[in-house]
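These notes concern the structure reproduced below.
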Amino acid sequence: FWSKAMMIMTTMTMTRILQTGFMRFKSQKVNATPTLALTMECVRRKKRKNSNVTVQNLSKEGNICKRGKCGRGECVLTSNPPFYECKCKEPFQPPDCRIALCELNPCRNGGECIRDGNDFDCKCPPGYRGRFCHVGPDDCYVDDGESYRGNVSETDEGDECLYWNSHFILQNGVDPFNTFENEDGLGHHNFCRNPDGDVMPWCFFRRGRKLLWDHCDVTECPVPTELPFSKCGRSEPKKAITRIFGGLKVAPGAIPWQVSLQTRQKNTNQPFRHICGGVLIASCWVLTAGHCIEQRKDMQVVMGSLSLNTEDEHEQTVDVEETIVHQNYRETPSAVYNDIALLKLQGTNGVCANETQFVRTACLPDGQLPDGRECTISGWGATETSDYGSNHLLEANVLLISQEKCSEPQIYGRVLDYTMFCAGHLQGGVDSCQGDSGGPLTCKQNNTNVVYGLVSWGDQCGRKNKPGVYTRVTNYLDWIRSTVQAQSA
């Protein structure tokens, strides 16, 4: 059971929604079409259709994959003559992977292939770069890169991009061609693109069994000295960011109501430290969990920021003037009841936070939502790889679970009451966690985003039959409105 200063990250089969800072590792791209080849181990007992010759017999009698048959590649058995196939590694080529390094120059645009032990490097002519000198001097992006159609296929950390039609991406529940409103530029390639209105081109890459994404190693085009009529009268609608796959990085402006609640010892110069999440509901008002409030400490909120350890040009920091915890707040060894609080921010003439593309308010809900509705959780809380939380804001999708189901003995039994609900996946995985408390669970209602729940408590993180428990905001609408009105009078 976790409560004091606990928050939402997604402990998941996913991958990051929970890792410290969205780790990046060298990864191999995944082919879009699964290979038909079968390894000897896999097919040892299988028999080819319309034949009485088994692969096992082939391997015994003909020793098909004898040592050296595939040169610098891997021999795999197939069901069709000649019953094997060589899987070659760059720069060796089919059919037998025997072409020596640099015998066929893999470097493009006049690049020189240079052997380096068992590998090779391309020495590129001036203005060209990339592993195969395939990125030219004019390969750059304008504005946010939505129109970028270049050939860069690596992240800024050097990870190789997956093909947009990669089977591994589809396996993880994502179809870029249906997910993104602007699929122009996507195709059977692994070049970086920006189909969702991010700040620059990006791509998916793979770390082990985890699907991740990052911005690409592509440069911004130099701004010309004159732009005659290039912008006049043109407007582009903002696209919704839909890159939510069990806990990946949040894109700028995707969750503009997310707040980091930070504290330090009173009357000291110590640095502020993130303890909880929160949600901006008005210029001077933040909603958070009651158990996040520490009366004996200085408090501030940071808005518009994605990273906790680096300053963001879009972030706004405002001191907390007053904290108001619900009068019936109660903490027990098993649960936290009426776990809600309001933070009144310091401001001038009724203005505290300034609305921007990166700082906006979430709406209060109009009423109950049906069970099974998919909603979004976000925060900097503990991850599956780190108990100390993530430096980058993360998000994931969860499902609203019925009160009847969550009250079953093997889940939470009689501990739950009408002021709370649970959400997540009963099989475990995606969940809120320590460091996320007070953060928002937002859902779509009447074509807008409403804060339907606040991260409250749970039985550890991501456990089977132990989904996260959230404060039911609809139960406190009168309290929220009357408190804000009284304090603003």
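For all residues, glycine too, the Cβ spot is worked out from N, Cα and C.
Heads up, TrEMBL stuff is auto-annotated, nobody curated it.
Annotated features, as they stand in TrEMBL:
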DOMAIN    98-134  domain 'EGF-like'
DISULFID  Cys124-Cys133  disulfide bond
DOMAIN    139-221  domain 'Kringle'
DOMAIN    244-485  domain 'Peptidase S1'
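A C-beta separation below 8 Å, combined with a sequence spacing of at least six in one chain, links Cys124 (disulfide bond) to Cys107, Asn109, Gly111, Gly130, Cys133. For the domain 'Kringle' (139-221), the DSSP counts in helix, strand and coil order read 9 helix, 21 strand, 53 coil. The Cβ neighbour count for Cys133 (disulfide bond), using a 10 Å radius over every protein chain in view, is 21.
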